[in-house]
């Protein structure tokens, strides 16, 4: 089997179950318009995150890595009216684009964008007592994933779901000699996850329009 069949099946599934309305399509289109990288989750992955948030009955969600707000919109739509989502974005330009997309989706009152380095904002959230969060989605720069996860634990409660994207890196995580920072970060994260007694966890391989990668899912004990 080749990548083409995986992409075709991905489109087949999204046509049936991953419907994108005008707000989601606009968020996708805003990437090219703003000269931003096309690295958002796919429609099927967005729907998957939304379903996970619903399964958690999440009222309080934390996201690391906003980009244009595409995954933010998917997850925020799973919140009850009194729910909230805090999303962290390093690049002010990206945050501004995301804010427009979130406003267009009618989620202004539920979503707060915090701009700056996640590794700096996470301790602030702990100090503010912003947690515990019901669901935490990590989709930011890969080298500090392990540190992000440790802070995520401090912002969690028993039962919190922590999801981390891009942890397979097209299978490159099998190469222990890789010098790519993102691969090294993913390998370190995956090894930590396998040894972490504070969570029950697994990793799902994923193929499709985003090619070959994977998501880690961990439930805090």
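Here the Cβ of each residue, glycine as well, is placed from N, Cα and C on the backbone.
Among 23, 118, 182, the residue that Swiss-Prot places alongside 41, 65, 67, 71, 89, 94, 139 at the S-adenosyl-L-methionine binding site is 118. Recorded residues residue 139 (S-adenosyl-L-methionine binding site) and residue 165 (Mg(2+) binding site) have their alpha carbons 5 Å apart, per Cα-Cα distance. The local packing around residue 139 (S-adenosyl-L-methionine binding site), expressed as other Cβ atoms within 10 Å of its Cβ over all shown chains, amounts to 24. Those same-chain residues not listed among 139, 165, 166 yet with C-beta within 8 angstroms of the centroid of the Mg(2+) site C-beta atoms are 41, 65, 138, 140, 164, 167, 213, 215. Mapped onto three states, the DSSP output places residue 165 (Mg(2+) binding site) in strand. Long-range Cβ contacts of residue 166 (Mg(2+) binding site) within its own chain (separation 6+, distance under 8 Å): 139, 142, 182, 186, 213, 214, 215.
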